[in-house]
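Undergrad: This is the structure I have questions about; it appears just below.
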């Protein structure tokens, strides 16, 4: 599928002397926008009332978006690698913004299916393409610090929710003065429609800015003082390249898929239930020692650790290596889950500290995985491989909530649960982390037979030859 | 920092203005700071703030 010439990869090859520090803000401009996907809870109740439907029916919007994220990242990954980051960011912006505009129309006209189609389907495609679009470019610009580079971008996805939550509350208050953001007040449906319209237009400007400042390095470019041989000296790191089609035939891909799936499923277990969980852990009869406002503060703290973990742990992996950092995420994660299950209700600080570190590992797992892929499969089609790996995220997004909700449903009713009711779910997460830990231990360098021939064409050359 | 390319490219060199880099970082940094401030404010409820 050809793209207009102004979007083509050949048009954005950086000339010598280009400063690579312009690339991270380009990536952040996209990820900060699509990270809004994690801020949907702010208008959930408003939509339930506006459409006079159930929480489940509204929750489906988010589920469609996450499933489409996984599918589109997997399906369009090769297209993204072939056509370059500007075409991908531009396309992502068109889908993401269209999702908001169609969603706004759906809310305004009270057509729920339009919201499913708009935000869920169209927006979800924008999410998937946008999520992977800058990753391989960053890895190529920062071959000396791939963990730092991908950590910066994927931190933006966590940061997007931090921005969208308060901004959405303020905008809904502006459009509906009767809503002040406190418990008990619910914004009108029309104010949510106007919120969608406003966010769509703001995101359009930001994402297009990112698309137009992004550049790819010229073939053979490398940073001053960087010697690729120094990278090869580290175990598990290759200077060879593996195509996306071959990568999914290797055990390494599926072991890493398992690692990501287990790490994300375990994290979602806490994230999904954060606010009620802290109240239930310190419940005495019908009342909890933790007030609703404090529980909301706990959710905020987890968001900060989720975002911070993406940057800090991914950057750390540049120094200690990808396999060791996942041993920390999964191994220390096992210990922390056991502490949470057994000692979590002894003191609030124990619960908060343990959960916060677990969530920082959850974020770190997301941010480090592109660099791990680059170590194993090279840079040739790392974006496409990353896209296929993200199906683990989609799967975890279904399984994680199923585990936690399934266990809690079998133990009692919300508002009456106590710490002990969470234990079976937390021990299931320990088991999952153990599976992930073993999968990570089994990862070895990719066999030579999967490597591309030495003069592997760059995606741009490949495109050019395909066009001939 | 970056990085005159050690590349075979025969294109003439470019210079990325520092002001453009500062502008790009500000454009993404300001909303991020706004989000961080609001989240820290919300999280402070956890510590009785």
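Backbone N, Cα and C define each Cβ position, glycine as well.
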Undergrad: Using TrEMBL as the reference, determine which range in A:225-244, A:385-404 is annotated transmembrane segment.
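TA: Of A:225-244, A:385-404, TrEMBL gives transmembrane segment for A:385-404.
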Undergrad: Taking contact to mean three or more C-beta pairs under 8 angstroms, with sequence separation of 6 or more, is the transmembrane segment (A:55-80) in contact with the transmembrane segment (A:291-313)?
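TA: Contact criterion not met.
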Undergrad: Among A:87-108, A:114-135, A:349-373, which stretch has the most Cβ pairs under 8 Å to the transmembrane segment (A:21-43)?
TA: A:114-135
Undergrad: Could you pull out which residues elsewhere in the chain have a CB under 8 Å from any CB of the transmembrane segment (A:291-313), counting only those six or more residues past its ends?
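TA: For the transmembrane segment (A:291-313), the list is 151-152, 154-155, 157-159, 161-162, 183, 270-271, 274-276, 278-279, 325, 328-329, 352, 355-357, 359-364, 366-368.
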Undergrad: Can you find at least 3 Cβ pairs under 8 Å between the transmembrane segment (A:253-271) and the transmembrane segment (A:424-443), where each pair is 6 or more residues apart in sequence?
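TA: The answer is yes, given that the two segments have at least 3 Cβ pairs within the 8 Å cut-off.
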Undergrad: Are there residues at least six beyond either end of the transmembrane segment (A:192-214) with Cβ under 8 Å to its Cβ atoms? List them, or say none.
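TA: Tertiary neighbours of the transmembrane segment (A:192-214) are 7, 12, 22-23, 25-30, 32-33, 36, 43, 46-47, 50, 85-86, 89-90, 92-93, 96-97, 99-101, 103-105, 107-108, 119, 130, 134, 137, 164, 167-168, 171-172, 175.
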